[in-house]
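This report concerns only the one structure given below.
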Ligand SMILES: NC(=O)C1=CN([C@@H]2O[C@H](COP(=O)(O)OP(=O)(O)OC[C@H]3O[C@@H](n4cnc5c(N)ncnc54)[C@H](O)[C@@H]3O)[C@@H](O)[C@H]2O)C=CC1
Ligand SMILES: N[C@@H](CC=O)C(=O)O
Ligand code: NA
């Protein structure tokens with residue numbers, strides 16, 4: 001039997017050698033034999049583009065591979081991996097890689113949520129792959145299942161925790177371990193946070209991921225600007241403690257829904273009942289629920305951040321792209337044929353928990369309840385604590401109401417004479 005010709009090695013260019021890039025390089029170098037067998041050709045790490053090649057680095061990174069000339073590295077590559085982050089030069093380098101005929105793999109959700117369509121169109125025209133599993137929920141296979149496994153189904157809703165940093169921070173606040181700033185610092189040290197962690201804290205990172213997931217799930221172009229976004233900066237330790245007292249956990253949720261009217265995508269903190277599976281998602285773990293007509297409910301769970309888990313998703317994509325180089329073919333392209341209308345943020349319908357401090361006088365509860373009812377919002381439960389120093393705390397939980405009705409209700413309640421303070425307004429989900 002003739003001995004098969006060894007396949008030509010594929011030149012892989014790595015852009016960025018931070019938390020994720022270091023682990024991608026380690027996997028490519030340490031698992032070369034297995035990866036070559038799975039891809040059908042050796043994956044040769046041709047170089048690693050960095051800002052400063054003289055900086056001390058992990059011992060696994062061969063100095064000879066480091067270059068400060070990303071443009072030249074990209075020019076000769078079969079597969080380009082972008083784990084630098086940021087919009088530029090990442091976008092320009094990826095476009096040049098695609099135009100030069102390379103397949104690209106990126107973890108850069110911020111870029112994809114802002115200008116993904118430019119990259120998808122370029123990849124389509126050049127007939128090359130663009131893969132981005134690591135861009136949503138780190139190690140969890142979610143992009144591929146939504147894009148490929150559910151391509152025959154009708155997805156109604158995607159709901160989940162897609163930011164590891166904020167989940168870690170809320171967890172620390174709940175256990176009394178650290179305050180928001182201290183927990184964010186620790187998330188940075190653990191490699192979960194973005195280069196600028198305000199992207200995590202203020203919900204931009206989760207909004208980018210929600211936009212990518214909604215685009216895939218609903219075959220409709222959704223960009224970061226289309227997502228109603230609220231981060232966790234306003235969440236206090238008191239909110240977290242009250243949540244526990246009323247049988248909830250505070251979570252930063254990403255919710256993408258398709259209704260008869262269109263598509264709504266939002267990111268905000270919410271109270272999740274303590275017996276709901278999302279309430280049990282701890283640390284930097286993520287979980288995503290997908291509800292589809294045929295499949296019914298699906299749940300995806302795993303590590304949403306961190307160097308090695310994210311590198312797992314990146315290297316998986318590299319193997320897929322390499323297989324296409326060896327065997328021919330191409331992965332799926334962007335699908336936006338449905339072009340569903342995008343609904344305004346205040347069209348969302350959800351339940352709310354409102355905490356307010358009121359004067360401890362007879363009839364106050366009836367007065368508040370009357371104003372709430374006048375706005376078409378119905379109260380599910382009321383809880384009162386106090387009195388203390390002449391005031392009592394009311395905790396109202398509503399039935400499902402439109403965001404716009406709730407906003408008008410809160411504005412009216414705030415003007416009532418006995419109302420001293422609206423302490424917090426949190427959505428209740430799950
Ligand atoms: N850290 C995580 O858990 C996850 C990160 N991601 C994404 O992966 C990407 C990388 O994230 P990290 O590794 O955490 O960031 P990082 O900040 O640790 O690493 C980025 C590296 O790229 C380098 N870099 C930036 N601009 C460069 C340029 N022009 N030329 C050469 N090198 C350049 C930086 O110096 C840095 O070392 C980002 O897009 C991030 O959003 C995605 C999922 C999870
Ligand atoms: N900063 C992100 C990293 C992964 O996408 C997070 O905390 O989830
Ligand atoms: Na993923």
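Going from the start of the chain as shown, residues are counted 1 onward.
Cβ atoms here come from the backbone N, Cα and C positions, even for glycine.
Here is what TrEMBL says about this protein:
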type	residues	note
BINDING	15, 16, 17, 18, 19, 20, 21, 22	NADP(+) binding site
BINDING	109	NADPH binding site
BINDING	194	L-homoserine binding site
ACT_SITE	209	active site, proton donor
DOMAIN	353-430	domain 'ACT'
Of 15, 194, 209, listed as recorded positions, which ones have a Cβ less than 6 Å away from ligand 2?
194
Could you measure between residue 16 (NADP(+) binding site) and residue 109 (NADPH binding site) for me? Cα positions, answer in whole angstrom.
15
Measuring CB to CB from residue 109 (NADPH binding site), give everything in the same chain under 8 Å that is also at least six residues away in sequence.
132, 135, 136, 205, 208, 209, 212
Same chain, not part of 15, 16, 17, 18, 19, 20, 21, 22: whose C-beta falls within 8 angstroms of the C-beta centre of the NADP(+) site? Give them in sequence order.
14, 23, 24, 25, 83, 84
From the recorded positions listed here (16, 18, 19, 20, 22, 209), select those whose CB sits under 6 A from an atom of ligand 1.
16, 18, 19, 20
Cα-Cα separation of residue 17 (NADP(+) binding site) and the residue listed as 'L-homoserine binding site', in Å?
14
Using Cβ atoms only, which residues of the same chain lie under 8 Å from residue 21 (NADP(+) binding site) while being at least 6 residues apart in sequence?
14, 15, 48, 81, 83, 84
